[in-house]
Amino acid sequence: MKFFIDTANLDEILAAAELGVLDGVTTNPSLIAKIVGDPSNFTYNDFKAHIARICEIVDGPVSAEVTCLTAEEMIAEGEDLAAIHENVVVKCPLTIDGLKAIQHFSLNGIRTNATLVFSPNQALLAAKAGADYVSPFVGRLDDISTDGMELVKQIVTIYNNYGYPTEVIVASVRHPQHVVTAAMMGADIATIPYSVIKQLANHPLTDAGLKKFMDDAAVMKK
C-alpha cells in the first residue's frame, strides 16, 4: 500500500518525507486555504508556485485540483497545472463535465485523479473515462451515517473484476482504522493527514514498554 499525505502544508510534507513512508501528496482548494490566511492575497500564480515547491520535496504524484466547473475550463486549467512538473496529477470532480475533462486528459497523456467520489457507479465511470486514480471520501460518508469503507470494498471488487488499472486512493481519512481497513481491503493508496500518520506510529503499550526499558536502563547506569 502506498501512503500519500493529504495537506498543502510544506512543513508537514517535509516531516512525513523524513519518515521514509511518503509516496505522494494530495491537495485541494480547502487545504490550500488553510495555509494562506487571507485568500485574497493568494493568487493563482502563488498556487502554482506552491505546487511546484511540493514537487521539489516529494518524488511522487502530487494531485492539484482544478477550481472550475465546465469541461472546457477544467481542460485549460488542468493543462496549465500539468505543465508545472511531470509529477502533477490533475484532480477533477466526478461530474459530467469532470468526466469529459478526464477523458481528454487521458487521451493526451495527462494523469488524473477523480475526486469527490461517493458511490461505486461514480468510480466505475471514472475508470472507464481513463482516470489514473479515484478518490472515495470515506470520512464524509461516515459523517452522514453511511459506511465509507464499504464503498472502498465495492470499488476494489469492481476494478478487480474487470482489470481496470485505475488506482484507489482512500481519501477523507479520519483515523488509523480507516487506513488499516483500507489496506485489508486491497486499496492501492491511502491519503492521510499528518496527524493520522503520527497516530499510526503510536500505541500505549509501546510507550509503556519504552518507559520501563528506559527506567531499567537508568538504574543500570548508576
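Cβ atoms are placed via backbone N, Cα and C, with glycine included.
Note that the structure is a prediction, hence the values are computed from the model and not measured.
Taken straight from Swiss-Prot:
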ACT_SITE  Lys91  active site, schiff-base intermediate with substrate
Listed in sequence order, residues with CB under 8 A of Lys91 (active site, schiff-base intermediate with substrate) and six or more positions away: Thr26, Asn28, Ser63, Ala64, Glu65, Val66, Thr112, Asn113, Ala114, Thr115, Ser135
DSSP state at Lys91 (active site, schiff-base intermediate with substrate), helix/strand/coil: strand
